[in-house]
Each structure stands twice: as structure tokens, then as C-alpha cells.
Amino acid sequence: KEGYLVNHSTGCKYECFKLGDNDYCLRECRQGYGKGAGGYCYAFGCWCTHLYEQAVVWPLPKKTCNA
């Protein structure tokens, strides 16, 4: 599974500005989904890869980003 890393309290994607390989996104994806996850910056959001099927990614149901 793949998807955008989401902040569960705000419903927003994690923003990033250095597109492609991005240490911040990789670190945040691994922290949120486990050390087997990958991550990079895609369309100014942290995109996480190699997630388990039940992983919760953006958008959250019934929660829109209100940042």
C-alpha cells in the first residue's frame, strides 16, 4: 500500500518542499508506519511506500484539513 502521510489531529498531509528523495519524509514515514516503510516528497506532500494494508493514509474519512 502507498499513500500520503496524514496528521491524525488535523487531517492534513505532511508538507514537504524538496521534491523526490527527502530525508524528512523518509524519517516521518518510518516513524508513522514502521522501519520497513519508504518515503519521498511528491506534489509537496510526504508520500509513503511499502505500508501494511491497514495503514491509515490521507484523506481521513469525515475529517478535512483545517490547518
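Even glycines carry a Cβ here, placed using N, Cα and C.
DSSP assigns Cys12 (disulfide bond) to coil in the three-state reduction, outside any helix or strand. Using a 10 Å Cβ-Cβ cutoff, Cys12 (disulfide bond) registers 20 neighbours. Annotated disulfide bond per Swiss-Prot: Cys12-Cys65 (among others), in sequence order, evidence recorded as sequence analysis.
A strand conformation is recorded for Cys41 (disulfide bond) in the three-state DSSP classification. Under a cutoff of 8 A between CB atoms, and with a sequence separation of 6+ in the same chain, the neighbours of Cys41 (disulfide bond) are Cys16, Phe17, Lys18, Leu19, Gly20, Asp21, Asn22, Tyr24, Cys25, Trp47. The disulfide bond feature in Swiss-Prot is assigned to Cys16-Cys41 (among others).
Per Swiss-Prot, the feature disulfide bond maps to Cys25-Cys46 (among others); the stated evidence is sequence analysis. Cys25 (disulfide bond) falls within a helical segment according to DSSP. Neighbours of Cys25 (disulfide bond), defined as other CB atoms within 10 A of its CB across all chains, total 25.
The disulfide bond feature in Swiss-Prot is assigned to Cys29-Cys48 (among others).
Per Swiss-Prot, domain 'LCN-type CS-alpha/beta' is recorded for 1-66, and the stated evidence type is sequence analysis.
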Listed disulfide-bonded residues among Cys12, Cys46, Cys65 whose Cα sits within 10 Å of Cys29 (disulfide bond):
Cys46
Tell me the Cβ contacts of Cys65 (disulfide bond) under 8 Å, same chain only and six or more apart in sequence, or just say none.
Thr10, Gly11, Cys12, Lys13
Among the disulfide-bonded residues listed here (Cys29, Cys46, Cys48), identify the one with the smallest other-Cβ count within 10 Å.
Cys46
Across the domain 'LCN-type CS-alpha/beta' (1-66), what does the mean pLDDT come to, as a whole number?
96
